[in-house]
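A.B. asks: Below is the structure I would like to discuss, written out as C-alpha coordinates.
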Amino acid sequence: MENRAMYLTTTHEDRENSSFYEESYDGMNLSKLNLCEEVNSTKYRRKTDNRCGQLDSLTSIKYAIVSLYILVLLTIFGLCIAVSKSHASWRREEALLENVTRLGEQSETLQMSLSQIPSQSDLLENIWKLESLFHNHTEQLRLLGLLTQGLERDIKDLQAFAEHTTDSVAQLWDHLSMISHSSQRNSTHLGDELASTAGSIREQDALLKTMVGNVETLQERLEDMGWTLQTLNHSLGGDVSLHQIKIYELQEKIVNVTHDTLGMKITQTHLEDQLRNEIQVLNVVTADLRLKEWEHSMALKNLTIFQGPPGPKGEKGDVGPLGPDGIPGWIGPRGLTGEKGVQGPRGLAGRNGQDGHNGDKGEVGPEGPKGVRGERGPKGEKGERGDKQGEKVEDAVVRLVNGSGPHEGRVEVLHDLRWGTVCDDVWDIKDGDVVCRMLGFRGAKEIHKTGRFGQGTGLIWMDDVACVGTEDSIDLCKFSGWGKTNCGHVEDAGVTCNV
(Lines of atoms letter the chains of each structure in order from A and count residues from 1; the text may use other names and numbers.)
(Lines give C-alpha, C1' and ligand atoms only; values in the text may rest on other atoms or scores of the structure.)
Protein backbone atom coordinates (compact mmCIF):
# COMPACT_ATOMS: atom_id res chain seq x y z
CA MET A 1 0.00 0.00 0.00
CA GLU A 2 2.86 2.36 0.66
CA ASN A 3 4.38 1.85 -2.85
CA ARG A 4 1.15 2.83 -4.59
CA ALA A 5 1.53 6.24 -6.22
CA MET A 6 -1.57 8.23 -5.53
CA TYR A 7 -1.53 11.96 -5.94
CA LEU A 8 -4.05 14.74 -5.73
CA THR A 9 -4.70 16.59 -9.01
CA THR A 10 -4.40 20.35 -8.98
CA THR A 11 -4.16 23.05 -11.66
CA HIS A 12 -1.21 25.27 -12.23
CA GLU A 13 -3.08 28.30 -10.86
CA ASP A 14 -3.61 26.62 -7.47
CA ARG A 15 -1.07 26.41 -4.76
CA GLU A 16 0.89 23.28 -4.41
CA ASN A 17 -0.53 22.26 -1.06
CA SER A 18 -4.09 23.41 -1.70
CA SER A 19 -6.88 20.81 -1.38
CA PHE A 20 -8.73 19.52 -4.44
CA TYR A 21 -11.99 20.28 -2.59
CA GLU A 22 -11.48 23.94 -3.36
CA GLU A 23 -12.26 23.28 -7.07
CA SER A 24 -15.75 23.48 -8.44
CA TYR A 25 -17.57 20.29 -7.66
CA ASP A 26 -18.15 18.07 -10.64
CA GLY A 27 -19.74 14.83 -9.77
CA MET A 28 -18.81 13.21 -13.10
CA ASN A 29 -15.01 13.68 -12.58
CA LEU A 30 -14.74 12.19 -9.11
CA SER A 31 -13.75 8.85 -10.55
CA LYS A 32 -10.60 10.41 -12.10
CA LEU A 33 -9.39 11.92 -8.82
CA ASN A 34 -5.49 11.83 -8.45
CA LEU A 35 -3.72 12.88 -5.29
CA CYS A 36 -0.36 14.76 -4.93
CA GLU A 37 -0.06 15.58 -8.70
CA GLU A 38 1.50 18.73 -10.16
CA VAL A 39 0.72 20.25 -13.54
CA ASN A 40 3.22 21.93 -15.88
CA SER A 41 2.40 24.15 -18.80
CA THR A 42 2.95 21.31 -21.18
CA LYS A 43 2.09 18.09 -19.35
CA TYR A 44 1.43 16.46 -16.07
CA ARG A 45 4.17 14.99 -14.05
CA ARG A 46 4.24 13.08 -10.86
CA LYS A 47 6.13 14.26 -7.89
CA THR A 48 9.14 12.25 -7.18
CA ASP A 49 8.49 12.81 -3.53
CA ASN A 50 6.09 10.16 -2.38
CA ARG A 51 5.41 11.97 0.81
CA CYS A 52 2.41 14.23 1.11
CA GLY A 53 2.26 15.76 4.45
CA GLN A 54 0.11 13.87 6.81
CA LEU A 55 -1.23 17.07 8.26
CA ASP A 56 -2.27 18.43 4.87
CA SER A 57 -3.95 15.14 3.92
CA LEU A 58 -5.92 14.98 7.16
CA THR A 59 -6.98 18.62 6.77
CA SER A 60 -8.18 17.96 3.22
CA ILE A 61 -10.12 14.91 4.35
CA LYS A 62 -11.72 16.88 7.16
CA TYR A 63 -12.70 19.66 4.72
CA ALA A 64 -14.16 17.05 2.37
CA ILE A 65 -16.17 15.48 5.19
CA VAL A 66 -17.50 18.87 6.34
CA SER A 67 -18.41 19.78 2.75
CA LEU A 68 -20.14 16.44 2.35
CA TYR A 69 -22.11 16.97 5.56
CA ILE A 70 -23.14 20.46 4.42
CA LEU A 71 -24.18 19.14 1.00
CA VAL A 72 -26.17 16.32 2.59
CA LEU A 73 -27.87 18.72 5.02
CA LEU A 74 -28.76 21.14 2.20
CA THR A 75 -30.12 18.28 0.12
CA ILE A 76 -32.21 16.99 3.04
CA PHE A 77 -33.45 20.53 3.79
CA GLY A 78 -34.45 21.09 0.13
CA LEU A 79 -36.19 17.75 0.02
CA CYS A 80 -38.06 18.52 3.25
CA ILE A 81 -39.22 21.88 1.81
CA ALA A 82 -40.31 20.21 -1.44
CA VAL A 83 -42.11 17.46 0.45
CA SER A 84 -43.79 19.98 2.80
CA LYS A 85 -45.21 21.89 -0.20
CA SER A 86 -46.60 18.84 -1.95
CA HIS A 87 -48.68 15.77 -1.41
CA ALA A 88 -46.79 13.41 -3.73
CA SER A 89 -47.47 9.75 -3.76
CA TRP A 90 -46.37 7.72 -0.77
CA ARG A 91 -44.22 5.41 -2.88
CA ARG A 92 -41.90 8.23 -4.06
CA GLU A 93 -41.72 9.64 -0.55
CA GLU A 94 -40.69 6.25 0.79
CA ALA A 95 -38.02 5.92 -1.93
CA LEU A 96 -36.70 9.42 -1.16
CA LEU A 97 -36.61 8.80 2.59
CA GLU A 98 -34.90 5.48 2.00
CA ASN A 99 -32.20 7.19 -0.11
CA VAL A 100 -31.68 9.92 2.51
CA THR A 101 -31.48 7.30 5.26
CA ARG A 102 -28.98 5.31 3.27
CA LEU A 103 -26.94 8.46 2.62
CA GLY A 104 -26.95 9.26 6.34
CA GLU A 105 -25.85 5.75 7.21
CA GLN A 106 -22.99 5.95 4.69
CA SER A 107 -21.98 9.34 6.12
CA GLU A 108 -21.89 7.84 9.62
CA THR A 109 -19.86 4.93 8.30
CA LEU A 110 -17.43 7.39 6.66
CA GLN A 111 -17.14 9.38 9.88
CA MET A 112 -16.42 6.28 11.88
CA SER A 113 -13.86 5.13 9.35
CA LEU A 114 -12.12 8.54 9.40
CA SER A 115 -12.10 8.62 13.17
CA GLN A 116 -10.43 5.23 13.24
CA ILE A 117 -7.46 6.10 10.91
CA PRO A 118 -4.56 4.33 12.61
CA SER A 119 -1.56 5.57 10.74
CA GLN A 120 0.01 6.82 7.54
CA SER A 121 0.14 3.32 6.15
CA ASP A 122 -3.62 3.04 5.98
CA LEU A 123 -4.16 6.57 4.61
CA LEU A 124 -4.02 5.63 0.94
CA GLU A 125 -6.42 2.76 1.47
CA ASN A 126 -8.84 5.07 3.23
CA ILE A 127 -8.47 7.58 0.41
CA TRP A 128 -9.35 4.88 -2.09
CA LYS A 129 -12.38 3.97 0.00
CA LEU A 130 -13.29 7.64 0.17
CA GLU A 131 -13.02 7.91 -3.62
CA SER A 132 -15.30 4.92 -4.14
CA LEU A 133 -17.63 6.28 -1.49
CA PHE A 134 -17.76 9.67 -3.28
CA HIS A 135 -18.47 7.89 -6.51
CA ASN A 136 -21.37 5.99 -4.92
CA HIS A 137 -22.65 9.18 -3.29
CA THR A 138 -22.43 10.96 -6.65
CA GLU A 139 -24.58 8.31 -8.31
CA GLN A 140 -27.07 8.41 -5.48
CA LEU A 141 -27.16 12.22 -5.61
CA ARG A 142 -27.72 12.08 -9.36
CA LEU A 143 -30.59 9.64 -8.86
CA LEU A 144 -31.83 11.83 -6.02
CA GLY A 145 -31.74 14.83 -8.37
CA LEU A 146 -33.72 12.95 -10.97
CA LEU A 147 -36.25 11.91 -8.32
CA THR A 148 -36.38 15.52 -7.13
CA GLN A 149 -37.07 16.76 -10.67
CA GLY A 150 -39.82 14.16 -11.10
CA LEU A 151 -41.16 15.14 -7.69
CA GLU A 152 -41.17 18.81 -8.72
CA ARG A 153 -43.04 17.95 -11.91
CA ASP A 154 -45.53 15.95 -9.86
CA ILE A 155 -45.81 18.88 -7.46
CA LYS A 156 -46.51 21.26 -10.36
CA ASP A 157 -49.10 18.87 -11.78
CA LEU A 158 -50.56 18.49 -8.31
CA GLN A 159 -50.66 22.27 -7.87
CA ALA A 160 -52.35 22.66 -11.28
CA PHE A 161 -54.80 19.91 -10.33
CA ALA A 162 -55.31 21.59 -6.93
CA GLU A 163 -56.03 24.92 -8.67
CA HIS A 164 -58.42 23.21 -11.06
CA THR A 165 -60.01 21.43 -8.11
CA THR A 166 -60.30 24.76 -6.25
CA ASP A 167 -61.99 26.35 -9.27
CA SER A 168 -64.30 23.36 -9.59
CA VAL A 169 -65.10 23.53 -5.86
CA ALA A 170 -65.79 27.27 -6.17
CA GLN A 171 -68.06 26.68 -9.17
CA LEU A 172 -69.75 23.83 -7.31
CA TRP A 173 -70.23 26.06 -4.27
CA ASP A 174 -71.74 28.80 -6.46
CA HIS A 175 -73.99 26.24 -8.09
CA LEU A 176 -74.99 24.89 -4.67
CA SER A 177 -75.70 28.45 -3.50
CA MET A 178 -77.91 29.04 -6.54
CA ILE A 179 -79.66 25.73 -5.93
CA SER A 180 -80.13 26.65 -2.25
CA HIS A 181 -81.64 30.05 -3.12
CA SER A 182 -83.84 28.45 -5.76
CA SER A 183 -84.90 25.77 -3.28
CA GLN A 184 -85.74 28.43 -0.69
CA ARG A 185 -87.81 30.36 -3.23
CA ASN A 186 -89.52 27.18 -4.37
CA SER A 187 -90.16 26.18 -0.75
CA THR A 188 -91.66 29.60 -0.01
CA HIS A 189 -93.80 29.46 -3.15
CA LEU A 190 -94.82 25.89 -2.34
CA GLY A 191 -95.72 26.92 1.22
CA ASP A 192 -97.90 29.75 -0.10
CA GLU A 193 -99.58 27.41 -2.55
CA LEU A 194 -100.14 24.83 0.20
CA ALA A 195 -101.67 27.51 2.43
CA SER A 196 -103.97 28.68 -0.37
CA THR A 197 -104.81 25.06 -1.16
CA ALA A 198 -105.63 24.40 2.50
CA GLY A 199 -107.91 27.46 2.53
CA SER A 200 -109.59 26.28 -0.67
CA ILE A 201 -110.04 22.82 0.83
CA ARG A 202 -111.64 24.30 3.94
CA GLU A 203 -113.96 26.40 1.79
CA GLN A 204 -114.83 23.36 -0.32
CA ASP A 205 -115.47 21.38 2.87
CA ALA A 206 -117.83 24.06 4.13
CA LEU A 207 -119.57 24.16 0.74
CA LEU A 208 -119.86 20.37 0.74
CA LYS A 209 -121.39 20.42 4.22
CA THR A 210 -123.83 23.10 3.07
CA MET A 211 -124.63 21.06 -0.04
CA VAL A 212 -125.15 17.94 2.08
CA GLY A 213 -127.60 19.88 4.26
CA ASN A 214 -129.35 21.23 1.18
CA VAL A 215 -129.50 17.75 -0.33
CA GLU A 216 -130.99 16.34 2.87
CA THR A 217 -133.56 19.14 2.93
CA LEU A 218 -134.29 18.57 -0.74
CA GLN A 219 -134.63 14.85 -0.11
CA GLU A 220 -137.14 15.51 2.66
CA ARG A 221 -139.05 17.85 0.37
CA LEU A 222 -138.98 15.26 -2.39
CA GLU A 223 -140.35 12.67 0.02
CA ASP A 224 -143.13 15.08 1.02
CA MET A 225 -143.82 15.79 -2.64
CA GLY A 226 -143.85 12.05 -3.31
CA TRP A 227 -146.47 11.51 -0.62
CA THR A 228 -148.41 14.50 -1.91
CA LEU A 229 -148.26 13.16 -5.47
CA GLN A 230 -149.37 9.74 -4.30
CA THR A 231 -152.27 11.33 -2.48
CA LEU A 232 -153.06 13.50 -5.48
CA ASN A 233 -152.89 10.49 -7.80
CA HIS A 234 -155.18 8.56 -5.49
CA SER A 235 -157.63 11.44 -5.34
CA LEU A 236 -157.37 12.19 -9.04
CA GLY A 237 -157.82 8.53 -9.82
CA GLY A 238 -161.15 8.57 -7.99
CA ASP A 239 -162.16 11.83 -9.61
CA VAL A 240 -161.16 10.55 -13.06
CA SER A 241 -163.22 7.41 -12.58
CA LEU A 242 -166.19 9.52 -11.51
CA HIS A 243 -165.69 11.84 -14.46
CA GLN A 244 -165.47 8.87 -16.82
CA ILE A 245 -168.75 7.57 -15.47
CA LYS A 246 -170.33 11.00 -15.88
CA ILE A 247 -168.93 11.33 -19.40
CA TYR A 248 -170.35 7.92 -20.29
CA GLU A 249 -173.75 8.95 -18.94
CA LEU A 250 -173.54 12.24 -20.83
CA GLN A 251 -172.66 10.37 -24.02
CA GLU A 252 -175.72 8.18 -23.56
CA LYS A 253 -177.86 11.26 -22.95
CA ILE A 254 -176.38 12.93 -26.01
CA VAL A 255 -177.18 9.86 -28.11
CA ASN A 256 -180.74 9.84 -26.79
CA VAL A 257 -181.08 13.57 -27.41
CA THR A 258 -179.72 13.07 -30.92
CA HIS A 259 -182.32 10.41 -31.65
CA ASP A 260 -185.06 12.60 -30.19
CA THR A 261 -183.81 15.53 -32.25
CA LEU A 262 -183.89 13.48 -35.44
CA GLY A 263 -187.45 12.37 -34.68
CA MET A 264 -188.51 15.91 -33.92
CA LYS A 265 -186.83 17.09 -37.11
CA ILE A 266 -188.74 14.53 -39.16
CA THR A 267 -191.97 15.51 -37.43
CA GLN A 268 -191.16 19.18 -38.05
CA THR A 269 -190.59 18.42 -41.73
CA HIS A 270 -193.99 16.71 -42.03
CA LEU A 271 -195.68 19.57 -40.23
CA GLU A 272 -193.98 22.08 -42.50
CA ASP A 273 -195.20 20.14 -45.55
CA GLN A 274 -198.73 20.12 -44.20
CA LEU A 275 -198.52 23.81 -43.42
CA ARG A 276 -197.28 24.56 -46.92
CA ASN A 277 -200.16 22.58 -48.46
CA GLU A 278 -202.69 24.25 -46.21
CA ILE A 279 -201.21 27.67 -47.03
CA GLN A 280 -201.52 26.92 -50.74
CA VAL A 281 -205.14 25.89 -50.28
CA LEU A 282 -205.71 28.98 -48.17
CA ASN A 283 -204.14 31.17 -50.86
CA VAL A 284 -206.39 29.64 -53.54
CA VAL A 285 -209.45 30.19 -51.36
CA THR A 286 -208.34 33.75 -50.65
CA ALA A 287 -207.90 34.44 -54.38
CA ASP A 288 -211.32 33.03 -55.10
CA LEU A 289 -212.84 35.15 -52.37
CA ARG A 290 -211.11 38.26 -53.68
CA LEU A 291 -212.32 37.52 -57.19
CA LYS A 292 -215.85 36.98 -55.90
CA GLU A 293 -215.64 40.20 -53.95
CA TRP A 294 -214.42 42.12 -57.00
CA GLU A 295 -217.16 40.68 -59.15
CA HIS A 296 -219.78 41.65 -56.60
CA SER A 297 -218.35 45.15 -56.29
CA MET A 298 -218.22 45.55 -60.05
CA ALA A 299 -221.73 44.28 -60.36
CA LEU A 300 -222.87 46.87 -57.86
CA LYS A 301 -220.96 49.62 -59.66
CA ASN A 302 -222.18 48.65 -63.11
CA LEU A 303 -225.85 48.73 -62.29
CA THR A 304 -226.27 51.94 -64.23
CA ILE A 305 -222.91 52.51 -65.90
CA PHE A 306 -221.73 50.44 -68.78
CA GLN A 307 -218.08 49.50 -68.94
CA GLY A 308 -216.26 51.19 -71.74
CA PRO A 309 -213.50 49.78 -73.75
CA PRO A 310 -210.17 49.18 -71.95
CA GLY A 311 -207.76 52.05 -71.93
CA PRO A 312 -204.19 52.03 -73.13
CA LYS A 313 -201.58 49.96 -71.28
CA GLY A 314 -200.04 51.86 -68.40
CA GLU A 315 -196.38 52.27 -67.52
CA LYS A 316 -194.52 49.52 -65.78
CA GLY A 317 -194.69 49.89 -62.03
CA ASP A 318 -191.86 49.77 -59.52
CA VAL A 319 -190.50 46.51 -58.18
CA GLY A 320 -192.40 45.54 -55.13
CA PRO A 321 -190.87 44.38 -51.86
CA LEU A 322 -189.54 40.84 -51.57
CA GLY A 323 -192.06 38.42 -50.33
CA PRO A 324 -191.54 36.01 -47.47
CA ASP A 325 -189.34 32.95 -47.96
CA GLY A 326 -191.04 30.03 -49.41
CA ILE A 327 -191.55 26.74 -47.73
CA PRO A 328 -188.36 24.59 -47.69
CA GLY A 329 -188.37 21.68 -50.05
CA TRP A 330 -188.22 18.04 -49.19
CA ILE A 331 -185.04 16.67 -47.67
CA GLY A 332 -182.86 15.18 -50.38
CA PRO A 333 -181.00 11.89 -50.19
CA ARG A 334 -177.91 11.76 -47.97
CA GLY A 335 -174.69 12.48 -49.87
CA LEU A 336 -171.34 10.73 -49.71
CA THR A 337 -169.17 11.15 -46.61
CA GLY A 338 -166.68 13.98 -47.17
CA GLU A 339 -163.04 14.14 -46.19
CA LYS A 340 -162.18 14.84 -42.60
CA GLY A 341 -161.79 18.56 -42.08
CA VAL A 342 -159.12 20.43 -40.18
CA GLN A 343 -159.59 20.28 -36.43
CA GLY A 344 -161.11 23.48 -35.23
CA PRO A 345 -160.06 25.48 -32.21
CA ARG A 346 -160.96 24.19 -28.80
CA GLY A 347 -164.30 25.44 -27.66
CA LEU A 348 -165.14 27.06 -24.38
CA ALA A 349 -165.37 24.85 -21.35
CA GLY A 350 -168.86 23.77 -20.57
CA ARG A 351 -170.59 24.13 -17.29
CA ASN A 352 -169.77 21.78 -14.48
CA GLY A 353 -172.04 18.81 -14.45
CA GLN A 354 -173.93 17.63 -11.46
CA ASP A 355 -172.04 15.70 -8.85
CA GLY A 356 -172.24 11.99 -9.39
CA HIS A 357 -172.98 9.38 -6.82
CA ASN A 358 -170.28 8.68 -4.29
CA GLY A 359 -168.22 5.62 -5.17
CA ASP A 360 -167.31 2.81 -2.88
CA LYS A 361 -164.87 3.60 -0.13
CA GLY A 362 -161.33 2.66 -1.10
CA GLU A 363 -158.86 0.73 0.95
CA VAL A 364 -156.85 2.55 3.57
CA GLY A 365 -153.37 3.30 2.26
CA PRO A 366 -150.13 2.42 4.02
CA GLU A 367 -149.19 4.47 7.03
CA GLY A 368 -146.64 7.12 6.16
CA PRO A 369 -143.34 7.63 7.98
CA LYS A 370 -143.40 9.51 11.21
CA GLY A 371 -142.50 13.13 10.72
CA VAL A 372 -139.72 14.97 12.49
CA ARG A 373 -140.81 16.31 15.82
CA GLY A 374 -140.91 20.08 15.81
CA GLU A 375 -139.25 22.34 18.31
CA ARG A 376 -141.06 22.97 21.53
CA GLY A 377 -142.75 26.33 21.60
CA PRO A 378 -142.24 28.93 24.31
CA LYS A 379 -144.16 28.52 27.50
CA GLY A 380 -147.28 30.66 27.60
CA GLU A 381 -148.35 32.94 30.38
CA LYS A 382 -150.32 31.48 33.21
CA GLY A 383 -154.05 32.00 32.74
CA GLU A 384 -156.60 33.08 35.25
CA ARG A 385 -158.03 30.49 37.51
CA GLY A 386 -161.44 29.33 36.35
CA ASP A 387 -164.46 28.31 38.29
CA LYS A 388 -164.29 25.04 40.04
CA GLN A 389 -167.47 23.76 38.45
CA GLY A 390 -167.55 24.86 34.86
CA GLU A 391 -169.30 23.61 31.81
CA LYS A 392 -167.59 20.86 29.86
CA VAL A 393 -166.13 22.19 26.63
CA GLU A 394 -166.29 19.96 23.61
CA ASP A 395 -162.98 18.60 22.39
CA ALA A 396 -163.70 19.30 18.73
CA VAL A 397 -164.46 22.80 17.51
CA VAL A 398 -165.31 23.56 13.86
CA ARG A 399 -164.94 26.72 11.78
CA LEU A 400 -165.45 27.76 8.15
CA VAL A 401 -162.54 29.67 6.56
CA ASN A 402 -162.05 31.73 3.38
CA GLY A 403 -165.72 31.85 2.35
CA SER A 404 -167.90 34.78 1.28
CA GLY A 405 -169.55 34.75 4.71
CA PRO A 406 -169.77 32.82 7.97
CA HIS A 407 -172.16 30.34 6.34
CA GLU A 408 -169.60 28.86 3.93
CA GLY A 409 -165.89 28.10 3.61
CA ARG A 410 -163.19 25.50 4.10
CA VAL A 411 -163.93 23.18 7.02
CA GLU A 412 -161.27 23.27 9.77
CA VAL A 413 -161.29 21.33 13.04
CA LEU A 414 -159.50 22.20 16.30
CA HIS A 415 -157.73 19.26 17.92
CA ASP A 416 -154.86 19.17 20.39
CA LEU A 417 -154.92 22.98 20.42
CA ARG A 418 -154.09 23.08 16.70
CA TRP A 419 -156.29 23.75 13.69
CA GLY A 420 -156.36 21.31 10.77
CA THR A 421 -158.38 20.62 7.64
CA VAL A 422 -160.67 17.75 6.57
CA CYS A 423 -160.00 15.59 3.48
CA ASP A 424 -162.80 15.36 0.90
CA ASP A 425 -162.63 11.56 0.53
CA VAL A 426 -166.25 10.24 0.83
CA TRP A 427 -167.29 13.79 1.85
CA ASP A 428 -171.08 14.08 1.34
CA ILE A 429 -174.12 16.17 2.32
CA LYS A 430 -174.60 14.28 5.59
CA ASP A 431 -171.18 15.34 6.78
CA GLY A 432 -172.00 18.92 5.78
CA ASP A 433 -175.27 18.80 7.76
CA VAL A 434 -173.42 17.86 10.94
CA VAL A 435 -170.91 20.70 10.48
CA CYS A 436 -173.61 23.27 9.73
CA ARG A 437 -175.70 22.24 12.76
CA MET A 438 -172.58 22.58 14.95
CA LEU A 439 -172.28 26.17 13.74
CA GLY A 440 -175.98 26.94 14.39
CA PHE A 441 -177.34 26.65 10.84
CA ARG A 442 -180.29 24.55 9.73
CA GLY A 443 -178.24 22.22 7.54
CA ALA A 444 -175.99 22.03 4.52
CA LYS A 445 -177.05 23.52 1.22
CA GLU A 446 -174.07 22.28 -0.79
CA ILE A 447 -170.76 20.55 -0.21
CA HIS A 448 -167.46 21.32 -1.98
CA LYS A 449 -164.33 19.32 -2.78
CA THR A 450 -160.81 19.76 -4.22
CA GLY A 451 -159.98 22.92 -2.30
CA ARG A 452 -162.87 25.07 -3.52
CA PHE A 453 -162.08 27.69 -0.86
CA GLY A 454 -158.30 27.47 -1.19
CA GLN A 455 -155.70 25.12 0.21
CA GLY A 456 -155.08 25.11 3.92
CA THR A 457 -151.81 24.85 5.81
CA GLY A 458 -150.62 22.68 8.64
CA LEU A 459 -152.12 19.31 9.50
CA ILE A 460 -154.98 17.36 7.93
CA TRP A 461 -156.79 16.11 11.01
CA MET A 462 -159.65 14.01 9.54
CA ASP A 463 -160.00 11.72 6.52
CA ASP A 464 -162.69 9.31 5.27
CA VAL A 465 -165.39 11.06 7.35
CA ALA A 466 -168.66 9.07 7.20
CA CYS A 467 -171.48 10.68 9.23
CA VAL A 468 -174.98 9.27 9.55
CA GLY A 469 -176.37 12.80 9.71
CA THR A 470 -177.80 12.69 13.24
CA GLU A 471 -174.54 13.28 15.15
CA ASP A 472 -174.20 16.38 17.33
CA SER A 473 -170.50 16.79 16.55
CA ILE A 474 -168.26 15.77 13.66
CA ASP A 475 -165.84 13.97 15.98
CA LEU A 476 -168.65 11.49 16.73
CA CYS A 477 -168.69 10.41 13.07
CA LYS A 478 -166.59 7.55 11.76
CA PHE A 479 -163.16 8.58 10.33
CA SER A 480 -159.68 7.10 9.94
CA GLY A 481 -158.25 8.74 13.06
CA TRP A 482 -156.70 12.01 14.11
CA GLY A 483 -153.92 12.92 11.69
CA LYS A 484 -154.11 9.62 9.75
CA THR A 485 -154.54 10.53 6.09
CA ASN A 486 -153.15 10.01 2.63
CA CYS A 487 -154.50 13.31 1.30
CA GLY A 488 -152.96 16.64 0.45
CA HIS A 489 -154.33 20.12 0.90
CA VAL A 490 -155.57 20.06 -2.70
CA GLU A 491 -158.38 17.84 -1.34
CA ASP A 492 -159.56 20.12 1.48
CA ALA A 493 -163.32 19.84 1.99
CA GLY A 494 -165.77 22.76 2.17
CA VAL A 495 -169.47 23.38 2.79
CA THR A 496 -172.19 25.99 2.21
CA CYS A 497 -174.85 26.07 4.93
CA ASN A 498 -178.49 27.10 4.70
CA VAL A 499 -179.03 30.59 6.01
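Every residue, even glycine, has its Cβ placed from backbone N, Cα and C.
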A.B. asks: From the list N40, N136, pick out the residue that Swiss-Prot labels N-linked glycosylation site.
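C.D. replies: So the answer, going by Swiss-Prot, is N136.
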A.B. asks: Quickly, which of N29, N302 does Swiss-Prot have down as N-linked glycosylation site? Just give the residue.
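C.D. replies: Among N29, N302, the one Swiss-Prot marks as N-linked glycosylation site is N302.
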A.B. asks: Have a look at N17, N233 and find the one that Swiss-Prot tags as N-linked glycosylation site.
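C.D. replies: Candidates were N17, N233; Swiss-Prot attaches N-linked glycosylation site to N233.
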A.B. asks: According to Swiss-Prot, C497 takes part in a disulfide bond; indicate which of C423, C436, C467, C477 is its partner.
C.D. replies: C436
A.B. asks: Would you mind checking how many other C-beta atoms are within 10 angstroms of the C-beta on N233 (N-linked glycosylation site)?
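C.D. replies: N233 (N-linked glycosylation site): 11 neighbouring Cβ atoms within 10 Å.
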A.B. asks: Taking the Cβ of N136 (N-linked glycosylation site) as the centre, count every other Cβ atom within 10 Å, in any protein chain shown.
C.D. replies: 14
A.B. asks: Counting Cβ atoms within 10 Å across all protein chains shown, which of the glycosylation sites N256, N402 comes out on top?
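C.D. replies: Top count of Cβ atoms within 10 Å goes to N402.
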A.B. asks: Can you tell which of the glycosylation sites N186, N233, N256 lies nearest to N402 (N-linked glycosylation site) in space, using Cα positions?
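C.D. replies: Result for N402 (N-linked glycosylation site): the nearest of the glycosylation sites is N233.
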A.B. asks: Determine, from DSSP, whether N402 (N-linked glycosylation site) sits in helix, strand or coil.
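C.D. replies: Where N402 (N-linked glycosylation site) sits, the three-state DSSP reduction gives coil.
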A.B. asks: Once the chains shown are all counted, how many other Cβ atoms turn up within 10 Å of the Cβ of N186 (N-linked glycosylation site)?
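C.D. replies: A count of 10.
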A.B. asks: Have a look at the glycosylation sites N136, N186, N256 and say which one has the shortest Cα distance to N233 (N-linked glycosylation site).
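C.D. replies: In terms of Cα distance, N233 (N-linked glycosylation site) lies closest to N256.
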